[in-house]
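Report on the following structure.
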């Protein structure tokens, strides 16, 4: 079988962290004996410059026909039109592909615990996943309205939308420590009341998974005070956006966190959670670990190469443990240095 992979370098540091990651992919494919076809397309700000829009039709069509999509980063200060921003391309891509589930792991290993702004004894052993609903809620609700005197956003969830994200979370939890935390604001919001009711109904299909409900404000506190207590967290779009960014501070750098976006069928999108960092673009300073770990997620989730994924992850964590890191992690290694070190494993 030949896997069809679409690369979206995007903006800022995106092209440099993705290009090195694709070189690693080539070496990994030879070691693990699989074939793939790779095509690269403009996306985000780069596509605005070349095509006038952040998500050109040819890019979207290629993504629809892919087995997996690897994205570098989008955005930058030079694209100022509020009606034609790079980030709108990402929202449109998620919607077009039905990428309703965003998966963000947060892991603190022996080599990374000292980077955390939180006391090392509190974060050591942290290993949880946030499952965020990605295509509904406040960000997509209608009607919406703004004028000089008032503004309106609409928060809407259907039972079906809650059921499908819950199934993803329960299945992940059943493969891990069998512990699921559902986060809502059930004491105030009608959507959260439906959310909690639906989670409880689906829990009967997974009797081995222990379900705990937390209000979002309590969860935001416990993520910092007791991060090792969590395994899988499931929540709606806005809450997930905030909590996953909060969680990304636990390992000590945005550059350490990968993510994946899933649909029920079709391609999955893999990307680091950090932004495009235009201030350090093209200077060989970017931390590529989040992009590399996103490739590991791709190998595991889209291609079922568990051994290849684990080997790559362990190689990254060993580099960090050995102090072979970029400037943001108090190291002196360049972006290309990191890739060259990892290539030695293949």
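Our numbering is plain: 1 for the first residue shown, then up by one each step along the chain.
Here the Cβ of each residue, glycine as well, is placed from N, Cα and C on the backbone.
Keep in mind that what you see is a predicted model, and the values were worked out from it rather than measured.
These features come from Swiss-Prot:
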- 76-87, 275-287: NAD(+) binding site (BINDING)
- 94, 104, 132, 217: substrate binding site (BINDING)
- 139: site 'Important for catalysis' (SITE)
- 185: site 'Important for catalysis' (SITE)
- 217, 241, 245: Mg(2+) binding site (BINDING)
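Looking at residue 217 (substrate binding site) and residue 283 (NAD(+) binding site), their Cα atoms lie 40 Å from each other.
In the three-state DSSP classification, residue 185 (site 'Important for catalysis') falls within coil.
Inclusion criterion for the binding-site residues 80, 84, 94, 132, 275, 279: a C-alpha placed within 10 angstroms of the C-alpha of residue 241 (Mg(2+) binding site); this criterion is met by 132. Note: the Cα of residue 80 (NAD(+) binding site) and the Cα of residue 132 (substrate binding site) are spaced 28 Å from each other.
DSSP assigns residue 132 (substrate binding site) to a strand in the three-state reduction. The most densely surrounded of the recorded positions 94, 104, 132, 185, judged by C-beta neighbours within 10 angstroms, is 132. When Cα-Cα distances from residue 185 (site 'Important for catalysis') are compared across the binding-site residues 76, 132, 245, 287, the shortest belongs to 132. Counting every protein chain shown, 12 other Cβ atoms lie within 10 Å of the Cβ of residue 217 (substrate binding site).
The DSSP secondary structure for residue 104 (substrate binding site) is strand.
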